[in-house]
Amino acid sequence: MYAPMMPSPTAVAAPVAALSILPSLAGLDREKLGLALAAIGVPERERKMRVNQLWHWIYLRGATDFAEMTNVSKTLRTQLAEHYSLARPEIVVEQVSQDGTRKWLLRLPAETPGERPHEVEAVYIPERDRGTLCVSSQVGCTLNCAFCHTGTQRLVRNLTAAEIVAQVLVARDRLGDYPGRERAVGPGLPTEGDRLVTNIVFMGMGEPLYAYDSVAEAIEILADGDGLGLGKRRITVSTSGVVPEIEKLGREVGPMLAISLHAVRDDLRDVLVPINKKYPIAELMEACRTYPAASNAKRITFEYVMLKGVNDSPADARALVKLLEGVPAKINLIPFNPWPGTKYECSDWETIEKFSDIVFRAGYASPVRTPRGRDILAACGQLKSETEKLSARERLALRAMAAAAE
C-alpha cells in the first residue's frame, strides 16, 4: 500500500527493493511476452491464452508477483518466477511538491553486466478532474535547447518501450491506481473519476521522435483497451521539430501532437531550439498542416515558453497568430521555470496576459500553464537526472528563484 507523503520539496529515499537480476516482463508487448513464454517451454497452442492472462495481470491489475495470478496454473507461475520477474525500475528518490506534484527519480537496470545503471525522471501532475504523467523517452537529450535544464545533460541512450511503459506502472503502483487497490490520498490528487493517471505526455527527458520506435511501441501498449486502456486522445507526444518523423507518427500511431515552438523567427529559434537549423519553421509548420491525426477535435498544441525581453512582445504574438493560419491549433503559454545557471528570466504577468489576449482575440485558445513542481525541479524544462547532481549552492539558488517567481 502506498503511504502518502506529506507535501515537501525535500527529497526522500523511497522504500523500494533493489533491481531484480531476473529479466522483467513488466512493460513488454504481446509479441515479447509470447517469446518469453516460448523460452520456458510453453506450448505454442497455449501461448495466446497465456499472453492474454499475463497482459490482464500486468497491465489491468498491476501485479508485481506471479503468485497474484490466480487463474494461471501453479506450475506455470513457478516456472515464470524461476526465470522472470515483474520488477519495475528502482525508485531512488520520490519528491512531493507543495502543490501535490510528484517526481520520481528512477534507476534503470544496466543493459550489460558491469555497466553503470542510468536514471530518468517521471513527473505526476494532479488536478481535480485528471492526473497527467509526464514520461521520459531518453536518458539525457541531444537537442541543447537554450532554456531547458535537460538539454545540459548529454544524451546517453534511448529508452526501450518497456522502460517507458514501466514509468507508468511505477506511478500507478505508488498511487494505488488499480482496481481493488487502496488509492493514495493527499493534497491535489484528483477527486473525480475512477483513475488517478488519466493522461500521458511525452514531455520528460529527451526528444521522443529521436526514440521513435520505442515511443510508438509504448503508445500501443498504453492504449490497449485490455490493459492500461489510455486512449490515444489522452496521449500526447511533444517534439522540438523532428520534421521527417511527424507525418510518420500521425500515420502509424496517431497520438495527440505538441510542438515545442518558442519562437516565430528562424534567427531566434535557431538559438532557443537549435534543431531549427536543420528543420526551419516553414518546414515544421508544413508538417503540422499535413499531420494525419490533426482535426478541429484533435488540435495540435504549440508550446511557447515566455522569456522576458526575448520572445514576449506584442509583435511576437501577432506573428504567432499569422504563423498558425491553416493549422487546427491551441497555444500553451508557459511561464519560464528557473534553474541554476540559466541566463533567462520569466516574462512578467502583465506581459504574458497581453500576449495571451492577442492570441485569444485571433480565435486561438491560449491558456497560460500554471507552473507545477517548481520547488522540486519538476516543472517544464527543469528535468535533469540526479546522476548529475546539483550542488547545495545551486539548490539554494533554485529555491530563491522559485520563490521570486511566485
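Any Cβ shown, glycine's included, is placed from N, Cα and C.
For the S-adenosyl-L-methionine site, Swiss-Prot lists G206, E207, S260, L261, H262, N337; matching the candidates S238, S295, S313, S366 against that entry yields S238. According to its DSSP assignment, C145 ([4Fe-4S] cluster binding site) is coil. Considering only the recorded positions E121, C134, C141, C145, C148, the residues lying within 10 A of E207 (S-adenosyl-L-methionine binding site) on a C-alpha to C-alpha basis are C141. Between the alpha carbons (Cα) of H262 (S-adenosyl-L-methionine binding site) and C145 ([4Fe-4S] cluster binding site) lies a span of roughly 10 Å. Listed in sequence order, the recorded positions from C134, C141, C145, C148 having a Cα within 10 Å of the Cα of N337 (S-adenosyl-L-methionine binding site) are C148. Taken residue by residue with DSSP, S238 (S-adenosyl-L-methionine binding site) is part of a strand. DSSP assigns H262 (S-adenosyl-L-methionine binding site) to coil in the three-state reduction, outside any helix or strand. Among the recorded positions E121, C134, G206, L261, the ones whose Cα sits within 10 Å of the Cα of C141 ([4Fe-4S] cluster binding site) are G206.
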